[in-house]
Structures are given as structure tokens and as C-alpha cells.
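Here is the structure we will look at, set down as C-alpha cells.
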């Protein structure tokens, strides 16, 4: 193995700024020149070149990262803190949310997860990954048609340079200010990508949780008719397991288009409670508190207290632990809620044992209640009025 010629590479990379990733020679690893290599970021500004095999080795060792090979300029537009975003101090749409919440049901989640986890794998660069993303798009469009919302609500694929596409559903509001609900649709077997990867919890559970919220939200005539103040989007990301590839591509485009994303909530792993219960602890949802937007995270706690039957616990997951990190890097307020405290989360992920039998659909339903409350409250929140000081926060 030979050392990469980092000085030659450096000449091809834009000069670093406070928002650009700085490529340091000391960060480069030993490479075989005949192998494709990828630039990953394991911490803010800390990068190294790796092969795909080395990516999976790092993941097996518990190292999370962003693959920034094609997204080195993510965050370069200077959107971060360009303007202060104020979030509500309390929930004000209880009647509407609780009425819509009656439509939330574990049966559709179970049926959808059975289908999603039946694909041999949802590895993003496989034919199975393509087929599973086709199914996600088909299912979302089916929900739109069943709700009679196809004149206003749309769903489309977001293509990538790999096989699996992301899916974006859009519910137009009165303004272009946007609330994003996200989950990643891909799965991975970290021992070898071609091996079976049912991915029931990671992140089949999040995928079907936000599907169910989307289905329930379309029961609102006000939402379907575009009466929400803000536009609402549901994202099902491709290639999260490869280094947040799909979400980075989307938020890179949004950043370049100067899209006004007011809030992004990620749901990644929503179904496993055994670790919590076995530890003698009460069932709860885990609110991530590192590498997230503090104000948005505080609001999420308020939403959980208002709309969930179980409490929240604070927990940490490290840098780039899910797709909210892509939104955050682009300068958008983002947050992440997981099934439990991080140390009590599902030990079966990334293996053939990530199966439905280990999951609680009642727990997933709590995540759905939280997500529905979150998206409805913020969908109808007047951010402009709040900034002016005329609205109640």
C-alpha cells in the first residue's frame, strides 16, 4: 500500500473557510491507488480518505461519519444563523392534533413494515435498494390518492448517482417556509452489503412511523387545502448508512436554492424498548441533545409532554449519527428523536437479526403522536409574526 499524494489532491480542493471543510494532509490514510476512495468527515473539519470497505469497518467499530466526497461545499452558503428562528413556547393546536391523532393506527405501520423489511436488503447501491425506494414512492402516492389530495399534495423521487432514490412528499402551505419530517429508508448489513439486511428498526421503523403521520395528516382538510402557514415536507432518505449521502444531496440543493427550512425532525429507530424495560426504567423516547438545535429540541420536549403518554429522556449520539446532521450543516435548525436513551437502543441493527419481532408498535405509535403534534404545531406557526414580537410563542 502506498501513501496518497495528498499535496496533489489539496490543489483540487477549495480553500477552507469557517464553513468549509479543511482537508489536512495528516487526516489522510494509506490507500491502494487502484481502489475508489471517499472523503469522510468524522467530526467537524476532521476528514480522511477511505475505501468503501474501510467505511464499513469504521461503522462496525461504531464510528459515524458524513461522506462528503460530493458535498464538500455543504454549508458554504452561510445560511447558518443568518436569522434567528423562534419556536413556540407552548402547543396551541391541541383540539386539531388530538382529532387527527385518532386516525393513527398500528395496523398500517405493521403492514408497511412487514413489506419494507421483506426486501433482501435496502442497500442503497443495489437493485433491492432501488426496488424498495420504488415501493416507498408508490406507497406514499397511494396515500395521497386515497386521501383525495392529489390535486395539491405531491410525491416525487429525488434521484442520486447510486441506484436507490430518495422520496419527497410536499404539502404546499401559504408560504415557502418549510417544515421537514425525515427518516432514512435504506438498510445495511455491515458485514457485507450484499447480505440480508431486513432493517426493521433501522430505519424501517422510522420510515413507516412518518408514513403513518403523513397518512393521518392528510385527513385534515385545512392541511390538504393549503391553509397551513408553512409548507410541509416528508423526506425518506436514501443512503444514510453510507454516510448521510441522500440527505446531504437534498440539503445541498436546498441550500443552493436558498430554501427557507424552518425546522427538520429526524425519526431514526422508533420501535425498540426492550433495553429500557430490561434495565428497570420506564418506557420513554430519547431526545438527542448533541449536535442539534437547542431551541427546536426544547420545543420537541414540549410537544412530547403535550401529546405523548410517555416521558422523554435526554441522550447523545455523537457527530453525524443520522440525517438531521445534513440539515444542520446546511444551516437549518434540526433535531432527532430516537426510541430510547442511546445506550439502550436496539443492539440488532445492521445484522440479519434486525427483525419486526423485536419491536413494539405501541412505542412506534408514541413517536407518531409526537411527530404529528410537531408537524401540525409548526405547520400552522407564524414564524414571521413571532420574530416581529406580535405573536404568542
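Placement of Cβ uses the backbone N, Cα and C atoms for every residue, glycine included.
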Where Swiss-Prot shows 241, 350 binding Zn(2+) 2, which of 202, 268, 278 is named for the same site? 202
Closest by Cα to residue 241 (Zn(2+) 2 binding site), out of the recorded positions 184, 268, 317, is 184
Quick one: which of these recorded positions, 317, 321, 350, have their CA within 10 A of residue 202 (Zn(2+) 1 binding site)? 350
Residues other than 184, 202, 268 within 8 Å, Cβ to Cβ centroid, of the Zn(2+) 1 site? 183, 199, 203, 206, 207, 240, 241, 269, 322, 323
